[in-house]
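**Q** Before anything else, here's the structure in question.
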């Protein structure tokens, strides 16, 4: 689960954050302002300060927020002076926007606010449709407006060129005041409340936010154009309301509720992608007539409310079709306010103690939760007082009698490891005097539940110099006095508390003072042991899973307030004695438990072991169907001590019992074949791989399949003597289901003569789920999931269904992934009713997949396999290729055809893509690399002779938004690296690759190719981009760079090789076609070429997604001359960039090679 942050405001206006991975409240970095309330998302936080002004806090990131400004220079040709800026009266402006209707001179483009800065000056964009233009960047046309081309023709009467300039948002990690360009007479009055949400409105562009605010006069305002690239928005819009609003809440989706002065609730209806402000209001009555609604908070599909008597209510029946719900349900507890987070988790602020509470037990099936739990996390400033006391105190207990009193702290340690509740009202904490001179200031301490009445006055007294306020101790114990020597008897006594400040009208808390001192001139509103009084909490940017609750509800073991102040000084000699004593005790225990029993004989000793079971088998003959079989795995030990196994499959044909057997030392892959109905897996042997017809077996349950898969995989590894983590030179691959496979390369795999056939490579599965993987010969492996999350390999093996002996005991972590399932709604036009779902008999299904050949309805479509679960409803996907209209439709003349987003007179059919998200949770040797989502990643391939220990490993990546990034600090000891370095580009990129000599090539979203110059270990980001012309009439989508070779893949599946690359001219000269039918390419450190072929015909079947190896690749023939086919049937990705294993040299390699045979594409159909 990625780290996220909970935001809170105390009564003094200070803003704090609490990370899901931490246990301390951290004071906001920019703490100069005092705030009333805040509303947070994952990337920013909006707030209303005490001056009633709106501020936004954008969290810092390695990727900057950049906006591109464009201006077009237009010229017309005349017979006297040629092209010039003198235009006709009917022409557009000489300097305009892309439409030509708006005047846009370069000096007239200004920054929108002081929070932006220019990156550079204006410059000409010399990229036109993915192709470089001539020097100057001019494009030509017959007239304005028309179709422009980069070539000048005889009838080119006008021309234009695009000037671009980037501005960068600089106010990050500080509170930036929201500017306003509105008329001062129309500016909104001071704001009283605001709420941020709407980032998951169905079909909405990624990064867009909805910011709603309420003014002191009860008016509702909406902030226009707020997005990730424009965090401030542009202007405020006023919305009409049926009454005066006092508070508002916006959820992540299309749910928006507000509170009226009269105690009723307002619900906004009609919120969608095209109208994020909604269309109408509906009124919801409060739970009771006596006490109206004071506060409301909404989430994805829940509504919580607090009435004026502090009661908490839950709204039943909330969904996307009924945002008003059906009825109110009262919850236990009294809160001043509640807030709903990203996944309907709920936080609140207690009515009496002003502490932050979390609603436990909130799940998709039980949205109301079960109970309230207080968050007992301390403040970050308190950590300095307790940084080493816990570890040193526990270390001292190992010395036995050297530290007395360790047994006394044991009960406290046991209690502190469990979840604790705050002391209730009236509970007092015992205290003893520390010094007689301070007895006059001593008072009894009470818990946070003991509050004053409104008649109580605030004592106008300050702590005496040298004293410090502290919060109540949640584990009261016997008070003692600290001793003078660190390694003698330890006694601690806690002094009484000096009365502290409290706000009138709010509960006052008292506690024991601590032993720490403040420097002169420094004061804090809370002492070390005080829990701050909260006024507001926001969980809009906090993601908490019900199965993985943060460590916010436990106190660190053995740490009372007095122990926090304790400082034990351990000398090196004492540390050495402690370690030696522990080692000696462990050695003696080993002798007692093992040495004394080694003379016993083994209870059971046998050389054959058999496991039997019932499975289903996909029979080899027609009609192909699943038949019930009995299977038996027989494992035996050979004469040489090696273990081998045979799998027997017993079946019945025409009442005759038969069987087939498979030697597991011949199995090259065990692949799960998960679908909607069967828990099946496939066994590949070299012969079955060539046939494209594996042995398929299915189990009754998922657990049975996992057991058999783990057992067979372990037996195969034992037969081949493969165990442990993969070697640094391993070849990694990914299937279309996201399964990860790894193969240990043989030295003969890249031999020029008699190379090892690909169908004999042994592939074993690793735990986890990825979309792509990239490896390096120094053991650094990165992966990217379907949800663009980056993962780094931890060095373990196993995970997922591989448990016990088939998995390492460490370096295995939880991993999740999210992907979208797409279906299409098809319609045909008729002259009577227009577009309807009634098509011709020859048409495709009206609800189908992308091909139209398979029927896929919204009700009948299931997740990809039983391991996936739906996490969203169906929504319209507007990001399909070709574009859509405002409703998501694409038009064409007929099925199937080329689709486009605008309707014409010749379009008789249309389709609309629907998507639904599903989630998978598994485990594997992978750790998440937050916080930037990635689209592509490339690690430098290193040849065997390269010196890799003297510098860090170069790693480049492309974010999901198209930003180019360079990872710093990557090494064998720190494979995740330390930080990202942003590399500026003029447009979004999709693919990137770095070669063994630091040559960086990339592909932009429009299919154009770029080369990054001057990349060195001392200059990891290089200096500039060089635009490389793409192959004629082709749009590239992927590039891979080896030691000296550069290969690229276009959108039509054609593989291209870059000719003419030399050290003095690394950009090369031209592209040469190598093959078609390719889906993915990977070039290794030896310039070896491996691809994933789209279709490969075997002797029995056709497989899609096959691993292929380019044969005959040599220095004098870098393109090779043929293909060798390996494992196939559902493979999506391969990475050979870690395989730097050279083949042994033969005597014939010195001879001149004969003429190469004719090259063939990797297709046999």
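Backbone N, Cα and C atoms are what each Cβ position is placed from, and that goes for glycine too.
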**Q** Among 1114-1139, 1140-1165, where does Swiss-Prot put the label region 'Disordered'?
**A** 1140-1165
**Q** Near residue 938 (phosphoserine), which residues of its own chain have a C-beta under 8 A away, given they sit six or more steps off in sequence?
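**A** Set apart from residue 938 (phosphoserine) by at least 6 residues yet with Cβ under 8 Å, we have 774, 955, 956, 957, 992, 993, 994, 1041.
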**Q** Roughly where does the repeat 'TECPR 1' (209-240) sit in mean pLDDT, to the nearest integer?
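**A** Across the residues of the repeat 'TECPR 1' (209-240) the model's pLDDT averages 93 on the 0 to 100 scale.
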**Q** Helix, strand, coil residue numbers for the repeat 'TECPR 8' (1044-1075) per DSSP?
**A** 0 helix, 18 strand, 14 coil
**Q** DSSP-wise, what's the residue breakdown of the domain 'PH' (611-717) into helix, strand and coil?
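**A** DSSP composition of the domain 'PH' (611-717): 25 helix, 56 strand, 26 coil.
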**Q** What parts of the chain pack near the repeat 'TECPR 5' (729-756), using Cβ distances under 8 Å and only residues at least 6 beyond its ends?
**A** 669, 671-672, 674, 722, 762-775, 777, 781, 783, 785-786, 817, 864-865, 920, 924, 1086, 1088, 1090, 1105, 1107, 1109, 1111-1112, 1114, 1124, 1127, 1130-1136, 1138-1144, 1146, 1148-1149
**Q** Translate the DSSP assignment of residue 938 (phosphoserine) into the three-state scheme.
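**A** Going by the DSSP assignment, residue 938 (phosphoserine) falls within a strand, counted as strand.
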**Q** Let's see if you can do this one: DSSP helix, strand and coil counts over the repeat 'TECPR 2' (254-285), in that order.
**A** 0 helix, 15 strand, 17 coil
